[in-house]
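The block underneath contains the structure these notes are about, expressed in structure tokens.
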Amino acid sequence: MNLVLMGLPGAGKGTQGERIVEDYGIPHISTGDMFRAAMKEETPLGLEAKSYIDKGELVPDEVTIGIVKERLGKDDCERGFLLDGFPRTVAQAEALENILEEYGKPIDYVINIKVDKDSLMERLTGRRICSVCGTTYHLVFNPPKTPGVCDKDGGDLYQRADDNEETVSKRLEVNMKQTQPLLDFYSEKGYLVNVNGQQDINDVYKDVKELLGGLSK
């Protein structure tokens with residue numbers, strides 16, 4: 001079961017990803033985790049990535065793609081994988097196709113958790129975080145018992161600077177522009193499946209499970 005998981009910020013991609021890997025026993029591979037592991041293991045590519053990250057620069061595609069190739073070649077990916085956060089561009093998607101062709105592991109589905117912009121705005125601007133323990137709340141979906149106060153330790157809740165309306169709106173616009181060519185690429189390939197992310201979390205996952213039902217665990 002070889003999957004790519006997509007979705008704009010706030011779509012609930014992380015939640016669905018956790019459930020998929022738990023139920024199907026495949027590794028959840030995110031770009032950040034891959035970089036951290038490669039740097040910790042001090043692989044040549046990991047050290048190269050670190051040199052860019054330490055300077056605050058973007059890691060070049062060839063290094064990122066090399067790290068992805070190393071990761072997908074590990075034993076725990078024999079029965080499949082869930083890629084999250086990669087690819088981000090059509091060039092990366094084409095490189096991924098080449099890697100998977102070499103490994104004989106074609107993509108089964110690219111699952112896009114689809115949520116409209118207004119709903120994403122509500123989800124992202126409603127987030128509040130405890131200043132003491134870091135617990136995340138949401139004014140609509142998961143409010144604290146007492147407004148502005150953490151249930152666990154009474155700490156003050158705050159809104160992250162990048163969760164305000166203007167910043168969130170800009171972030172979503174940028175993400176939409178970047179993501180659309182990738183969605184078009186995978187749609188043309190016949191891999192793309194849109195899942196309605198507007199529903200309750202459990203209903204979203206029910207749709208995902210129905211989709212994956214035809215694939216062997």
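The backbone N, Cα and C atoms fix where each Cβ goes, glycine too.
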**Asked** In Swiss-Prot, which of the ranges 30-59, 180-209 has the region 'NMP' annotation?
**Response** 30-59
**Per-state residue totals over the region 'LID' (126-163) - DSSP helix, strand, coil** = 3 helix, 13 strand, 22 coil
**Request:** Please spell out the DSSP helix, strand and coil residue counts for the region 'NMP' (30-59).
**Result:** 21 helix, 1 strand, 8 coil
**Asked** Looking at Cβ-Cβ distances, which residues of the chain lie under 8 angstroms from ARG88 (AMP binding site) while being 6 or more apart from it?
**Response** GLN178, LEU182
**Request:** Taking only the Cα atoms, work out how far GLY14 (ATP binding site) lies from VAL59 (AMP binding site), in Å, as a whole number.
**Result:** 23
